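Colleague: This is the feature table in TrEMBL:
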TRANSMEM  21-51  transmembrane segment
TRANSMEM  71-95  transmembrane segment
DOMAIN    72-260  domain 'ABC transmembrane type-1'
TRANSMEM  107-131  transmembrane segment
TRANSMEM  137-163  transmembrane segment
TRANSMEM  184-206  transmembrane segment
TRANSMEM  242-263  transmembrane segment
Amino acid sequence: MQKLRRRARRGSLWQLALRGFVGLVLAYLVLPILVVIPLSFTAGQLLVFPIPGYSLQWYEDFFTNPLWTGALWNSLLIGVATTILATILGTLAALGLHGSQFRLKPVVVALLITPLAAPVVIVAVATFYFFASINLVGTYLGVILAHTVLALPFVVITVTATLQSFDPNLTRAGASLGGTPVHVFRTVTLPIIAPGIISGALFAFVTSFDEIVVALFVASPQQRTLPRQIFSGVSESISPTIMAAAVVLLVISLGLMIVMEILRRRGERLAGRNR
């Protein structure tokens, strides 16, 4: 009995130490982000902490300054276009890879997810030189295509993961009832894998919306995105407006992550029902 009690105490101490370590790691990651929030409400002209007072003047400057609002709209425009393109291509690629077996399939999968493994700066430099040869540098199309390359792997991975729990007998049943392949896909397959597609689309949007390295190489001042504008603001003149812009970026990204988590849980429930 004493040995069991000792083991139980050791186990509880180990769990307590592990939880404390995890808490420290989370604090290390989250606290620098949380500091940005009060700095965005400072009443002073400089970034000092603690702040001298609270004010909304920097949010007013953000939403009334054409430089910041233009960067925000560019990010939204490029993000939406990237999401549409990456979602269509990624979903088609996942469906094609899931329903086929060929010798070079691992090579194709590796090529699709290469942007996740390669350093972003390498991708940005390669994209710049390639796009420069076909006159796509400094264009909206060039930025959208470059962001699509970075976002595509997330769509492929999420849709492929959803397809792993998909029962092919459902499509066979639909076909046996006289449904055409398009009708069966629209009424059977698509509703089941929709949470994975939407999650991949949100991942694609967040990837494009937060991306800065490729934008520095490929975009011109006309395609200046919000992360690039924040980077330029830090480099040129540090203003509390940068903190307000960072909070706006944080709120949008956090909101999308919450939606993705909700969709992930919904997808797990649907997968459990189909088993």
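Any Cβ shown, glycine's included, is placed from N, Cα and C.
Bear in mind that the values here come from a model prediction, so they are computed numbers and not experimental data.
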Colleague: In terms of Cβ proximity under 8 Å, which residues at least six beyond the ends of the transmembrane segment (71-95) contact it?
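Modeller: Sequence-distant neighbours of the transmembrane segment (71-95): 112, 140, 143-145, 147-148, 151-156, 159-160, 163, 197, 200-202, 204-205, 207-209, 223-229, 245, 248.
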Colleague: Between 21-51, 137-163, 242-263, who has the most Cβ pairs under 8 Å to the transmembrane segment (184-206)?
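Modeller: Ranked by Cβ pairs under 8 Å, first place goes to 137-163.
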